[in-house]
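Asks: Below is the structure I would like to discuss, written out as structure tokens.
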Amino acid sequence: MITKLLTKVIGSRNDRTLRRLRKIVKEINNYEPAFEALSDEELKAKTVEFRQRIEQGENLDQLLPEAFATVREASKRVFGMRHFDVQLIGGMVLHGGQIAEMRTGEGKTLTATLAAYLNALPGKGVHIVTVNDYLAKRDAETNRPLFEFLGMTVGVNIPNMPQPAKKEAYQADILYGTNNEFGFDYLRDNMAFRPEDRVQRARFFAVVDEVDSILIDEARTPLIISGPAEDSSDLYIRINKLIPLLQKQDKEDSEEYRGDGHFTVDEKSKQVHLTETGQEFVEELLVKNGMMQEGDTLYSPANISLLHHVNAALRAHVLFEKNVDYIVTPDGEVVIVDEHTGRTMPGRRWSDGLHQAVEAKEGVKIQNENQTLASITFQNYFRLYEKLSGMTGTADTEAFEFQQIYGLETVVIPTNKPMVRNDMPDVVYRSEAEKFAAIIEDIKQRVEKGQPVLVGTVSIEKSELLSNALKKAGIKHNVLNAKFHEKEAEIVAEAGKPGAVTIATNMAGRGTDIVLGGSWQAKVEKLDNPTQEQIDAIKAEWKQVHDQVLQAGGLHIIGTERHESRRIDNQLRGRSGRQGDAGSSRFYLSMEDTLLRIFTSDRMAALIQSGMDEGEAIESKMLSRSIEKAQRKVEGRNFDIRKQLLEYDDVANDQRKVVYELRDELMSADDISDMIAQNREDVLNAVMDEYIPPQSLEDMWDIKGLEDRLKNDFDLPLPIQSWLDADNKLYEEALRERIIEQAVEVYKAKEQAVSPAVMRNFEKSVMLQTLDTLWKEHLAAMDHLRQGIHLRGYAQKNPKQEYKRESFELFEDLLESLKSDVITVLSKVRVQQQEEVERMEAQRRAQAEEAARHAQAQHASADDAEQDESNQPMVRDERKVGRNEPCPCGSGKKYKQCHGQIN
């Protein structure tokens, strides 16, 4: 109550931020007349002036009003477009390292130019991050004339660029690129062997476009550079043939319940588990097919790999559906479909053998499982930037997560013109067929009025179902989904024409505005060297059509299902009503929709369905509230999963930083002989401790064992027993010193034989190679540790604490192994000449380049929801007894009055 009153009096936090920024907008506007009077040359000279002022000690905040006024004036001259005041506010929010929530059509791309120009002045580089290559290239080309007018360089960072071109792109003042590519470049740089092979500069400032998509939807997607591991294609194919023989066990409370099924499915957590019957049946099948020994069990240590394959195949068959979760391309490749955007994600693969299992299910060529060589999550990559900001049309629902995980405030930027879109309440039907019939009727009416319609579906399968229904009804339409990715921009350009009907999967086409009346620019682009007269004629024709569409009611949005996240529903709605245009939206739902089926209580579902006739719809505030509650529940669960994933990845992240810093140090150093000398002493002392325990009697020493060990591991044939026999006063300390001195002398002699310069190169090369090999093995060990850690909950231990403790022990082992492996190699290998070192370097570089080609963003599988098994609900084996049924104990009382009270 008091909070509400205070908000009314002093305004919300957002209002207060906007009030502060509006004062600076006035200051920027005051510069406008003076800047309008400048010649082009004088305006261009401002960049040099600002850079000099930074050198003299001025900071970016002091330069902001003049810098923004410069960009606005340059934009008027280059594009004929003047930044609105709200865009200036958006630019200031981005510069402040915050998230600007700007509605669709409010000009986010132009807003970003303000913050990008200002932050590029110190010469450290600005990265503008987009969701795909098309948008990166489009935005870079669109804004290039403006930045170049102001004396700034612009680059594009997209996949498969030659290394010199990529290095040059990173030197640009402003670099546009995709989130995947920036992350992969970071990993590739940390696999390089020479400083000149690296492409990135220090990460100074990033503006993330569609920030919710990249930092939230993609947050569970680790970027992984991997190399092929062992080939087990045959096993996937053989196990795949067994899975169709298994039967699903129905839910206990369903009418057709049978307790003898082989597996259970949990739709909420996307998990599938073998029942006891199922385990026995699978074991029988494996024995029969010669994949397991008679009397053996699936859960014995020797069969861990077999169990992994069975689980992957079961999930592939039961949980992953063709044309919903993935598509199969004409050349037989299984490509993941992003559940959030409906786009395909070529190059991405599910981990844990799931992708191979899906390939076996679809009968296409199975790619080998991969071994991780380097990996990072987007969460940890973007936290490497000194300053991070973002833009999106919908961030407010996830403001808490941005604040919690990235420390980013969200500021809602007001629209330039008031929003007049009519958002109608949801309507709910009994079945999907009734819902589709109502949607088609609505589309017909809109088309007759000449109103364009955009229909949002949640999967490719649903978009094709609806498309077929529209064909039957004789309604012309376009389909925008992952299968027709190439035509995307063309279809979006047409989507605003009178009576145009476009079906879009989720947010395919995001980042491209739907202009009412269609895009006049697209028409102009089709002409060869158009004259000004032709352009004016096209514009005049477009204006007429634009007004006609506005008269008909603007763009009408139809949602065919509620998404798990309110944000994605809001994104669909946000396609309409841009820049104060007319528009409307409505969601059509049915009791068969996934969200309603899983999250609406049985009682409410029965209540709704009992009072409805066929084809009848229901509009109810209670139902809308119930749906929103379900969405909040899912969002909360997804937030917990992402937060948990981050907590686990933070452990690996700290270790990654240490390893990458050590690599940097090794690469930039010309001479690491001091480090090698220290390591040699540590390693030899540790070996001597095993055979000559510190402060022990001579009788406890194992001199023969020590002599053998030094000879075998370090190529040091030392007559230690003879030394001791010859000198009664050779005590432990003196003996240790003598052994180390001998080791140093032998090493120096080896160095003189090939020259110190060759030896320095060889040391560096061996150290880097050993570090990379151990890091790769460490990542695999961390993966295995991670997969089973939740079972510690059974022992009343905190899985997260256990993971931290054990991963720290693994990391300590890595550092110890690094020392001993390097010293062993340097002691035993005989280097003849510099060419050998160079050949070894070249071989390693070739391997790294091959691995870098295996860069892929892997989907964290549903297992990443790391459930603490100790808190799992108990599962009942016998039939559920109704409250009013006779108690099974035979007392004759009702169950609720007998044993039901105890339960």
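Using N, Cα and C of the backbone, Cβ positions are placed for all residues, glycine too.
What Swiss-Prot shows for this protein is this:
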BINDING   GLN87, GLY105, GLU106, GLY107, LYS108, THR109, ASP513  ATP binding site
BINDING   CYS887, CYS889, CYS898, HIS899  Zn(2+) binding site
COMPBIAS  840-853  compositional bias 'Basic and acidic residues'
REGION    840-903  region 'Disordered'
Asks: For the ATP binding residues given in the record (GLN87, GLY105, GLU106, GLY107, LYS108, THR109, ASP513), what is the largest pairwise C-alpha separation in angstrom?
Replies: 17
Asks: For ASP513 (ATP binding site), what is the secondary structure by DSSP, using just helix, strand and coil?
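Replies: Coil, per DSSP.
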Asks: What is the total of other Cβ atoms whose distance to the Cβ of GLY107 (ATP binding site) is within 10 Å?
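Replies: If we count other Cβ atoms within 10 Å of GLY107 (ATP binding site), we arrive at 19.
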Asks: When you measure from the Cβ of GLY105 (ATP binding site), how many other Cβ atoms are you left with inside 10 Å?
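Replies: A count of 21.
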Asks: Quick check: with GLN87, GLY105, GLU106, GLY107, LYS108, THR109, ASP513 left out, which same-chain residues have Cβ atoms within 8 Å of the centroid of the ATP site Cβ atoms?
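Replies: Sorted by sequence, the hits are MET102, THR104, LEU110, THR111.
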Asks: Counting across all protein chains shown, how many other Cβ atoms sit within 10 Å of the Cβ of GLN87 (ATP binding site)?
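Replies: Cβ-Cβ neighbours of GLN87 (ATP binding site) within 10 Å number 27.
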Asks: Which residues does ASP513 (ATP binding site) neighbour through Cβ under 8 Å, counting only same-chain ones at least six apart?
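Replies: Residues satisfying the criterion: THR104, GLY105, VAL492, ARG578.
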Asks: Have a look around GLU106 (ATP binding site) and count the other CB atoms within 10 A of its CB, chains all included.
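Replies: Looking across every protein chain shown, the total is 24.
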